[in-house]
Amino acid sequence: MSEKTLATAVDKRRTFAIISHPDAGKTTITEQLLLFGGVVREAGTVKARKSGNFAKSDWMEIEQKRGISVTSSVMQFDYQGKRINILDTPGHEDFSEDTYRTLMAVDSAVMVIDSAKGIEPQTKKLFQICKMRGIPIFTFMNKLDRDGREPLDLIAELEDVLGIEGYPMNWPIGMGKELKGLYDRYHQRVALFRPEDDAHQYLPLNADGDLATANELEEDGLYQEARDNMLLIEEAGNQFDAAKIASGDQTPVFFGSALANFGVKTFLETYLEYAPQPASHQTPDGATVAPTDPEFSGFVFKIQANMNPNHRDRIAFVRICSGEFERGMDVIQERTGKKMRLSNVTEFMADTRENVETAVAGDIIGLYDTGNFQIGDAIYTGKTKIKFEKLPQFTPELFVRVAAKNVMKQKSFHKGINQLVQEGAVQLYTSYSTGDYILGAVGQLQFEVFQFRMQNEYNSEVIMEPMGKKTARWINPDQLDERMSSSRNLLVKDSQGAPLFLFENRFAERWFQDKYPDVELTAKL
């Protein structure tokens, strides 16, 4: 591919994550976007679990049973000349590490907010990661077909709680049962909620912001209120600033209802106007890898086992950072220095997949993995070694001892635990004294998902003995004396063989540090 052709292909890519608090409607809006992309004929309804009509992005059995997302899904489609890569992330806080890693693989984020609840805790946490990365954030105020908070309050909350300017691209004309439409000053039109037909979906506005043709809506107090609010904001509110959007200092705000498929298309088309093309990536030494660099490079941000339970496969998800991927190409794995051929590569629609012949910077590809990859691995071509910034890893707070219920099924137990731990959702530790397996997680739901998947995907029932909260601290192996371990600080090693103590509490940690003042303890963050 020539330099010019590569630049043109990269320019068409738009890669974003959808972030929200659980139940704000993140998966539903994903479904509607796929509908516009022609990928699905009808959007699944997350609520309708009994019907078997599950969300396309919630492909794992436990997600379909619970109606929640616990994994990051990758979906790709073309729309209006752009190749769109959507990463639908878990909203549940117990799976925030998976979400944080996903946010390292995108160029922008869509923040979905329940208009009845406003900004919720998980939304705030995920926003801070996006802010830290300086990526553009686009906001969709969802569930307008239900009664919610005042739009002015929601806009003000963005600035008060998140510290980001909000610029409303449209304004609701009523809400809940009284929802009439959206006053869309940006596109100079009113979008009607449930019009007679598609031909009468929009009413044009004139230069003064009034309806261009006579309509009974003009006499409606809700319309007049929306019009007045929008014009007031134009005079006294934040001014639209594309540069601030690009730097993540201003967020365009769209109102709508994902469930009613109202306002979503307008959002998508406007998003494509302002969303950035693939960005450059930094290396630990401060160098920049540009997306149009001719040499291929990328990094593994996620590993997922058993996307196809019949084949017990593993997929390593790679964000391409530069150049072009071609099927059958040889790459170097930075961590090991090994050369490997990328022959079996796929692209995704949640659990369905297609073989991919070529892909460019900004795309997400899946490599069939036999155990060669770890999260954070870089792969590249060319003579210059490429390494990317380290992906975030959380220090677990909850721990359980885990063992196979049936000692005759040790083989499937070990295979399952190794594969699921490599996904990064739980951490594995081994007791120095007994050899017991110990799992660490950020939240209880991770253990429940682990137990469910071990039984359903590996036919291995497990016994889990809660150990409660612990404080994990790593120790330099050169300073380690196994006699330092006691009933209050269990000595274990992590999956890489590094020693650490699991302290009962902070008091036990302080007692240890008083007893061994020269020993350095560290928390992996």
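The backbone N, Cα and C atoms fix where each Cβ goes, and this holds for glycine too.
Look at Swiss-Prot and you will find 20-27, 88-92, 142-145 tagged as GTP binding site. As annotated by Swiss-Prot, domain 'tr-type G' applies to 11-279.
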Determine the Cβ neighbour count for S20 (GTP binding site): the number of other Cβ atoms within 10 Å of its Cβ.
24
Arithmetic mean of per-residue pLDDT over the domain 'tr-type G' (11-279):
85
Cβ neighbour count (within 10 Å, all chains shown) around L144 (GTP binding site)
28
Looking only at Cβ atoms, how many others are within 10 Å of the one on K26 (GTP binding site)?
29
Greatest C-beta neighbour count within 10 angstroms, which of the binding-site residues D23, T89:
T89
